[in-house]
Amino acid sequence: MEAAQKNGVFLSRGRLVVVVVVVVLLMVCTGVAVGLTVKHTASTHGPDQQSPVVSPSPLAMSANRTSPITTHVLDTSLGRPAADVPVKLFRRGERIGQEWSQVSSGQTNSDGRCNGLLNSLEAGVYKITFETATYFNKNGIRQYFYPHIDIVFEIHDPSQHYHVPLLLNPFGYSTYRGS
């Protein structure tokens, strides 16, 4: 059997091809790939000849149909996404000091993401509340310091996408404006 050695790893050519195919399939299925599919259409060289035309894949198109405000919660104490965290989105009234109005709610999925909070966005001040006590109790964590976390942020340009990740553990958290 012909084998190639690199850094102490032996792979036959057949196994290397299988590994490459599996990696490419995983990238395409998870949307890591560029998100393009190739369609064949008649070329200008004649009706019997086909030329590839690149268009967005259905997976990439569905991945782009998300709320203008999204979030992703990662449990840094466990090293995994925080699933089933209740999330509420509020918008403050036009003037400072006005009450908060709940505009949406949701729950993180198995990947810790909540992508369907809003269909449209207006400029203003928003708050995302993460009900962390629910998450911690569900996961058998009885000692924690933050029963809920409020992240307040201001939207100036409603045409942009705003991603608000939360890095969470029982005694601390961190956030930033993601992409």
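Here the Cβ of each residue, glycine as well, is placed from N, Cα and C on the backbone.
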Exercise. Would you mind telling me which of 42-61, 62-81, 102-121 TrEMBL tags as region 'Disordered'?
Key: 42-61
Quiz item: Are there any residues in the same chain, six or more apart in sequence, whose C-beta is under 8 angstroms from the C-beta of ARG113 (substrate binding site), and if so which?
Solution: THR70, THR71, HIS72, VAL73, PRO81
Quiz item: Within the chain of TYR176 (substrate binding site), which residues six or more apart in sequence place their C-beta under 8 angstroms from its C-beta?
Solution: PRO165
Practice problem: Whole number in angstrom, please: the longest C-alpha to C-alpha distance across HIS72, ARG113, TYR176 for substrate. | Solution: 15
Quiz item: For the domain 'Transthyretin/hydroxyisourate hydrolase' (64-178), DSSP counts of helix, strand and coil?
Solution: 8 helix, 53 strand, 54 coil
